[in-house]
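A.B. asks: The following block contains the structure, expressed as structure tokens.
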């Protein structure tokens with residue numbers, strides 16, 4: 001049986017977050033509601049989740065020694081990776097020493113790198129994926145492009161939020177896509193994956209939670225991406241029963257192989273009744289922000305319950321819902337948001353402003369949420385709310 005102590009006392013249940021962005025912030029809030037003591041770690045000060053945690057630490061999370069020092073000092077009952085860019089080899093060591101990593105250290109390690117998870121899905125689990133090659137050099141990359149043909153997609157094996165990702169349509173794109181991939185990788189220059197392009201009808205995120213009572217799926221989330229970054233999402237995405245059943249089969253196979261407990265965002269391509277595995281995040285997913293308005297238990301509440309070993313008997317869906325991001329472009333350390341009354345004037349709308357301490361270039365600083373009678377109406381309403389927000393840099 002799960003027992004939760006008193007925060008900041010010897011009986012406290014301590015959860016440490018590696019990464020403190022807007023997704024982590026919502027999970028921290030859910031854990032705070034259950035009386036959990038939360039420690040937030042990131043590479044910069046005043047990150048969103050730090051603002052709602054009991055305390056925080058600023059370290060380079062790719063530095064294994066620094067990560068180990070914080071974890072050994074804090075002695076958390078649960079370590080929760082919130083981003084990919086972490087010294088995952090250190091998490092594997094810590095797990096072997098008795099710490100609990102959510103969902104598992106292996107899941108964090110495999111999904112930090114597109115190669116690990118692609119080989120697991122395609123080669124071990126024999127799940128349908130796009131055709132692919134990995135390449136370390138421009139020569140190997142050029143050969144991979146030639147082999148797969150146009151159009152094709154190139155991504156650094158280590159990157160997030162679409163960084164370094166390109167769609168190649170002709171030989172004119174080959175050099176610039178390689179250069180962009182080399183700039184966009186998280187751990188510096190290097191290896192890329194080249195994928196054959198799947199002419200899909202739509203893509204979904206199947207939010208899949210592994211918990212004490214088994215595996216539960218949220219209704220499928222549809223989304224629209226630009227340059228690999230999510231702009232809007234909606235739930236439920238209309239699908240054929242065959243495609244939905246196959247999506248759940250694929251998601252269950254991948255999440256079972258990764259193991260542990262927690263929320264997983266499984267990204268899939270759909271064409272008719274066909275399903276291809278794309279990627280998986282072993283944590284809440286940005287497109288799943290829509291669940292803040294679409295479900296009685298958001299993906300963040302579900303993650304918190306799963307982490308703590310609490311049951312998830314039912315997920316109630318409230319009907320057609322959507323999210324639209326609030327993107328800010330420019331430079332500021334004192335961004336202000338105005339016209340919020342207009343943004344929230346319609347019924348069944350909500351806003352989340354993430355409280356990020358600065359913007360330098362383009363950054364997702366918030367999200368508008370809406371429910372309506374249809375997906376089209378919910379999307380339009382969320383977009384109206386998002387566009388109504390005036391940003392002052």
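Placement of Cβ uses the backbone N, Cα and C atoms for every residue, glycine included.
Pulled these features from Swiss-Prot for this protein:
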BINDING   22, 23, 82, 286, 356, 363, 364  N(1)-(5-phospho-beta-D-ribosyl)glycinamide binding site
BINDING   114, 155, 160, 161, 162, 163, 164, 165, 195, 196, 197, 198, 203  ATP binding site
DOMAIN    119-308  domain 'ATP-grasp'
BINDING   267, 279  Mg(2+) binding site
A.B. asks: Cα-Cα, whole number of Å: residue 164 (ATP binding site) versus residue 279 (Mg(2+) binding site)?
C.D. replies: 16
A.B. asks: In DSSP terms, helix, strand or coil for residue 267 (Mg(2+) binding site)?
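C.D. replies: In the DSSP reduction, residue 267 (Mg(2+) binding site) maps to strand.
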A.B. asks: Under a criterion of Cβ-Cβ distance under 8 Å and sequence separation of at least 6, what residues of the same chain contact residue 195 (ATP binding site)?
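C.D. replies: Expected: 130, 131, 132, 148, 152, 153, 154, 155.
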A.B. asks: For residue 114 (ATP binding site) and residue 279 (Mg(2+) binding site), determine the Cα separation and express it in whole Å.
C.D. replies: 8
A.B. asks: Rounded to the nearest angstrom, how far is the Cα of residue 279 (Mg(2+) binding site) from the Cα of residue 160 (ATP binding site)?
C.D. replies: 11
A.B. asks: Between residue 286 (N(1)-(5-phospho-beta-D-ribosyl)glycinamide binding site) and residue 267 (Mg(2+) binding site), what is the CA-CA distance rounded to a whole number of Å?
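C.D. replies: Distance (Cα to Cα, whole Å): 11 Å.
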A.B. asks: Cα-Cα separation of residue 356 (N(1)-(5-phospho-beta-D-ribosyl)glycinamide binding site) and residue 203 (ATP binding site), in Å?
C.D. replies: 28
A.B. asks: If you count the other Cβ atoms within 10 Å of each Cβ, which of the binding-site residues 162, 164 comes out on top?
C.D. replies: 164
A.B. asks: Would you mind listing, in sequence order, the residues at least six apart from residue 364 (N(1)-(5-phospho-beta-D-ribosyl)glycinamide binding site) in the same chain with a Cβ closer than 8 Å to its Cβ?
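C.D. replies: Spatial neighbours, sequence-distant, of residue 364 (N(1)-(5-phospho-beta-D-ribosyl)glycinamide binding site): 22, 229, 286, 325, 326, 327, 328, 354.
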A.B. asks: Output, ordered by sequence, the same-chain residues six or more apart from residue 23 (N(1)-(5-phospho-beta-D-ribosyl)glycinamide binding site) with a CB under 8 Å from its CB, or 'none'.
C.D. replies: 82, 283, 284, 285, 286, 289, 300
A.B. asks: What binding-site residues among 162, 197, 203, 363 are found with a C-alpha within 10 angstroms of that of residue 267 (Mg(2+) binding site)?
C.D. replies: 203
A.B. asks: Give the sequence-ordered list of residues that share a chain with residue 279 (Mg(2+) binding site), lie 6 or more positions from it, and have CB atoms under 8 Å from its CB.
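C.D. replies: For residue 279 (Mg(2+) binding site), the qualifying residues are 111, 114, 117, 267.
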A.B. asks: I need the least crowded one of these binding-site residues (114, 356, 363), counting other C-beta atoms within 10 angstroms of each C-beta.
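C.D. replies: Each of the binding-site residues 114, 356, 363 was scored by Cβ atoms within 10 Å; lowest is 363.
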A.B. asks: Between the Cα atoms of residue 203 (ATP binding site) and residue 363 (N(1)-(5-phospho-beta-D-ribosyl)glycinamide binding site), find the distance and write it as a whole number of Å.
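C.D. replies: So the Cα of residue 363 (N(1)-(5-phospho-beta-D-ribosyl)glycinamide binding site) lies 23 Å away from that of residue 203 (ATP binding site).
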A.B. asks: Compute the C-alpha separation of residue 363 (N(1)-(5-phospho-beta-D-ribosyl)glycinamide binding site) from residue 197 (ATP binding site), stating it in Å without decimals.
C.D. replies: 28
